[in-house]
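**Q** Questions regarding the structure given below will be posed in turn.
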């Protein structure tokens, strides 16, 4: 059983690095979209693929310990396709926004699955049921994600006004905060599962 916990922990650290890359994707893609810089958006598409690869490898490794991680793999696949398409579309802001919302929803579903399963594995390994850590993490991530979607709607609505930058700034802060919360959770769980 110890090998399974260790495998899950090793998978979670790979997911951690994938989430780091996804933060870079959000930052570059949003900046490229606002400033109209296609090279930044192409770079963000490459980073999106790298993030998907890291998350996919991590989820696959973690699925050795708990088969439920396979559901999160599907969320990651769908989210990566939507993110890649959003990064490469040039002139259709409504379609870009719809793809970004879909990517965000897939990401949030994956976060919820990973947090619940990882928390269960940590509780099983340690013999304690500290469900508060995983529950709080995914709830805060969902709160940041929904806030990000709302501020993204506001950015689309205020596209030709001075409020655009405020909406985009709120969007970026919420997206990065959600990723930071998830990264802290992943790092703590992988340490607990690997006995660090």
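Cβ atoms are placed via backbone N, Cα and C, with glycine included.
Relevant sequence annotations retrieved from TrEMBL are reproduced here:
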TRANSMEM  12-36  transmembrane segment
TRANSMEM  42-65  transmembrane segment
TRANSMEM  136-158  transmembrane segment
TRANSMEM  164-187  transmembrane segment
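So that I understand the layout, could you describe where these features sit and how close they are to other parts?
**A** Note on the transmembrane segment (42-65): residues 4-5, 7-8, 10-19, 21-22, 24-25, 28-29, 32, 72-73, 76-77, 79-80, 83-84, 87-88, 110, 114, 117-118, 121 of its chain, located 6 or more positions outside it, place their CB under 8 angstroms from a CB of the stretch.
Residues 93-94, 97, 100-101, 104-105, 107-108, 111-112, 115-116, 164, 166-168, 170-171, 174-175, 177-178, 181-182, 184-185 of the same chain lie 6 or more positions beyond the ends of the transmembrane segment (136-158) yet place their CB under 8 Å from a CB of it.
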